[in-house]
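As structure tokens, the structure follows; a few thoughts come after it.
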Amino acid sequence: MKSSVYEACKAALGLDATSTTANHQEQLLECVASSNASSIDSFFLIYASSLVFFMQAGFAMLCAGSVQKKNVMNTMLKNLLDACGAALSFYAVGFAFAYGGSYDEENEGKTTFIGTNNFFLVGVEDLMFWMFQFAFAATSATIVAGTLAERCQMPAYLCYSLVVTGFVYPIVVHAIWSPQGFLSPHRDDPLWGSGFIDFAGSTVVHFTGGFTALIATYLLGPRRGRFYDTRGRLLDTPNPMPGHSSALQMLGAFILWFGWYGFNVGSAISITGPDQSSIISISAVNTTLAAASSCASALGVNYVIAERRTGEGEFCLKAALNGCLSGLVAITGGCAVVEPWAAVVIGALAGPLYLVSSNLLIRARIDDAGMLSLLTCACLHST
């Protein structure tokens with residue numbers, strides 16, 4: 001019994017039972033192979049999109065564990081608003097601003113600041129690509145949920161989510177990933193001969209999300225009791241205000257690591273093209289190595305710092321977890337273009353960079369409850 005793909009290809013080519021020549025059979029086989037490859041690529045992209053979207057659960061658990069118990073429900077609602085707000089905003093205008101444009105010969109080589117068509121997905125045929133990009137947009141927006149923990153009213157936070165995914169994030173995407181972006185490596189005459197290569201979004205996703213989170217944290221100010229007492233006097237030493245659950249933080253970090261394979265590997269978009277298997281493989285390997293080396297370096301450096309300060313070293317879970325996430329962020333931009341040894345080096349640098357950035361935030365009295373805005377710094381040395 002012939003498959004539906006086989007019969008569809010026969011109909012598309014206008015062949016019937018009498019079409020038995022070698023040329024006809026070759027055309028038919030090419031059509032079937034192309035259809036099967038398209039189906040495989042579609043499944044791959046949907047699966048990768050699901051992994052990236054599942055990172056929302058990781059951020060939610062990480063944020064929940066990083067705040068006081070009384071504020072967990074508030075933090076969970078913020079994460080849910082991120083996902084819902086991002087979906088609506090990216091559907092209405094975000095995708096259009098990011099990728100909407102005319103890519104015909106007349107506009108070839110031109111650069112634009114922002115996309116100008118495909119609003120509300122009108123005229124968009126590749127809806128799977130929209131799904132994948134929506135998951136990226138939601139990830140960029142949700143970074144701020146942890147940084148603004150125990151502050152910020154819900155209506156204001158929802159407005160933030162809509163603006164970031166509908167306007168701020170798409171501008172960065174258009175500049176770097178759109179064929180008409182002025183930094184795009186896909187132009188005929190890319191900037192500096194290569195353009196800005198950011199394979200999976202170290203800068204596009206994580207720097208954008210982390211930087212907006214840093215600005216929001218600075219504008220809102222610290223939590224009550226973090227750096228100042230009830231009378232507004234500066235404390236001699238900052239109140240650490242630790243999270244209520246290390247277990248939730250650990251669970252969140254592992255969910256994020258798991259989802260990162262969809263983030264980095266899925267950015268290959270296709271699994272059936274030439275050399276795609278090698279791109280996918282090296283992306284997965286580099287993602288693993290960078291996370292591991294960054295975790296180890298952050299843990300080791302933090303141990304040495306604690307030993308010098310107090311005379312006794314400490315293996316800190318928070319330093320290890322955030323070091324791991326810093327390594328994942330750092331390797332995202334170049335996971336497909338660097339050798340495994342380079343991924344180890346990138347991760348090893350990201351861990352101490354997180355510790356330095358964390359100390360600078362405290363000195364500046366900027367209160368980032370989940371330390372997620374430090375994702376901004378983790379990617380600076382790797383893109």
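The backbone N, Cα and C atoms fix where each Cβ goes, glycine too.
A TrEMBL annotation is a machine prediction, not a hand-curated record.
These numbers come from a predicted model, not from an experiment.
Per-residue confidence over the domain 'Ammonium transporter AmtB-like' (44-369) averages 90 (mean pLDDT, predicted model). The feature domain 'Ammonium transporter AmtB-like' is assigned by TrEMBL to 44-369.
The transmembrane segment annotation in TrEMBL covers 44-67 (among others). For the transmembrane segment (44-67), the residues of the chain that approach it from at least six positions outside its boundaries are 75-76, 78-79, 82-83, 128-129, 131-132, 134-136, 138-139, 142-143, 145-146, 149-150, 243-256, 258-263, 265-267, 269-271, 321, 369-372, judged by C-beta separation under 8 angstroms.
Annotation source TrEMBL lists transmembrane segment at 79-99 (among others). Remote same-chain partners of the transmembrane segment (79-99), defined as residues 6 or more beyond its termini with a Cβ less than 8 Å from a stretch Cβ, comprise 53, 56, 59-60, 63, 114-121, 124, 130, 133-134, 137-138, 141-142, 145, 154, 157-158, 161-163, 165-167, 169-171, 173-174, 177-178.
The annotation transmembrane segment is assigned in TrEMBL to 127-149 (among others).
The annotation transmembrane segment is assigned in TrEMBL to 156-177 (among others).
The transmembrane segment annotation in TrEMBL covers 197-220 (among others). Residues 136, 139-144, 146-148, 151-152, 160, 164, 168-169, 172-173, 176-177, 185, 263-264, 266-267, 283, 329-337, 366-368, 372-380, 382-383 of the same chain sit 6 or more residues outside the transmembrane segment (197-220) yet have a Cβ under 8 Å from a Cβ within it.
Positions annotated as transmembrane segment by TrEMBL: 241-260 (among others).
Positions annotated as transmembrane segment by TrEMBL: 280-303 (among others).
With a threshold of 8 Å between CB atoms, the same-chain residues lying at least 6 positions outside the transmembrane segment (315-334) that come near it are 62, 197-203, 205-206, 246, 249-250, 253, 256-257, 260, 263-264, 286-287, 289-299, 302-303, 306, 342-343, 346-347, 349-351, 353-355, 358, 371, 374-375, 378-379, 381-383. What TrEMBL lists as transmembrane segment is 315-334 (among others).
Annotation source TrEMBL lists transmembrane segment at 340-362 (among others).
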